[in-house]
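Copied over from TrEMBL, here are the features:
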- 16-40: transmembrane segment (TRANSMEM)
- 72-98: transmembrane segment (TRANSMEM)
- 73-287: domain 'ABC transmembrane type-1' (DOMAIN)
- 110-130: transmembrane segment (TRANSMEM)
- 160-184: transmembrane segment (TRANSMEM)
- 205-230: transmembrane segment (TRANSMEM)
- 268-290: transmembrane segment (TRANSMEM)
Amino acid sequence: MEHAMAPPVSLRRLPAVIAMTPTIFFVVVVLCFGLLWTVWTSFTSSKLLPSNDFAGLEQYVRLFGSDLWQVAVVNVAVFGILFIGGCLALGYVLAVLLDQNIRFEDGFRTIFLMSASLSFVVTGIVWQWLFDPTFGIQAAVRNWGFSDFRFDWLTRKETAIYALVGAGVWQATGLGMIIMLAGLRGVDQDIWNATRVDGVARWRVYVYVIPAMIRPMIATAAVLLSLTAIKIYDLVVVMTGGGPGISTEVPAKYVMDMLFQRANLGQATAAATIMLLAISLLVGLPWVIVRLRRSRTAGGGHE
């Protein structure tokens with residue numbers, strides 16, 4: 001009798017549909033429309049205001065012919081490689097240390113993750129002060145008597161990008177650490193027992209065996225860090241403003257400058273579209289690789 005009085009499935013799903021409506025509206029109308037509008041505008045001659053004058057690939061030709069854009073791409077590539085590599089390496093070392101069942105692990109984990117809770121604006125202000133030759137580390141060390149000591153990385157073109165890398169790695173290492181620590185905690189205990197029986201040093205297991213076993217976690221951390229590197233903006237603006245000169249110019253700053261300083265909407269959206277393609281590749285390529293591997297594995301199993 002109770003089963004007969006149960007409401008139809010459509011009515012039971014109604015609260016969930018109502019709850020999801022704002023999110024669906026945002027994704028479909030705001031996000032999708034915004035992306036399509038951005039791509040379309042990149043093919044127009046829009047300046048201060050949007051225009052429907054179709055210009056073909058003119059904006060992209062200008063974009064890739066721009067020396068400023070080329071510098072920005074090289075800078076974000078250098079920043080990304082060093083930033084991702086540094087975060088993964090330090091994150092793995094910290095994850096290994098925390099995996100030793102040390103005392104006060106929760107406290108250390110909180111400390112290592114604390115920097116990740118900050119915005120890049122706050123991080124940039126702190127590190128700008130540290131690199132300031134008048135008030136930062138250089139001034140403090142010289143006051144101790146080392147008058148020849150230099151730590152003015154932000155004022156030199158050849159070192160400014162590395163100062164950004166240092167600040168970025170300091171903030172984002174905790175993210176890589178927590179992801180890889182989750183992978184370490186998922187390693188089968190039988191692996192450790194087998195290596196112990198074989199007499200393999202524990203550090204060798206962490207160096208040669210474990211990275212291959214937690215490869216999905218490392219890939220996940222690398223993708224997330226790659227997305228952060230591609231769209232890095234606030235850290236650059238706060239610490240260097242793109243300088244000295246254009247030595248730390250990055251694509252995201254190029255987009256904002258074209259949009260708000262040079263009133264070139266078409267050029268800004270063209271650069272934003274290229275960034276969107278790069279992000280799509282970073283997100284989609286690992287998924288495609290995983291799908292191909294699974295299909296090959298399934299095909300081999302049928303054989």
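The backbone N, Cα and C atoms fix where each Cβ goes, glycine too.
Residues 35, 38-39, 41-42, 46, 59-60, 62-63, 69, 219, 223, 226-227, 230-231, 251-252, 254-256, 258-259 of the same chain, all 6+ positions outside the transmembrane segment (268-290), place their C-beta atoms under 8 angstroms from a C-beta of that stretch. When Cβ-Cβ distances under 8 Å to the transmembrane segment (160-184) are tallied for each of 72-98, 110-130, 205-230, the top count falls to 72-98.
The list of residues near the transmembrane segment (205-230) in space but at least 6 beyond its ends in sequence, with Cβ under 8 angstroms from a Cβ of it, reads 76, 79-80, 83-84, 87-88, 91-92, 96, 168, 172, 175-176, 179-180, 182-184, 186-187, 191-192, 195, 251-252, 275, 278-279, 282-283, 286.
If one looks beyond the transmembrane segment (110-130) by at least 6 residues along the same chain, the residues whose Cβ comes under 8 Å of a Cβ in the stretch are 94, 98, 136-137, 154, 163, 166-168, 170-175, 177-178, 232, 234-239.
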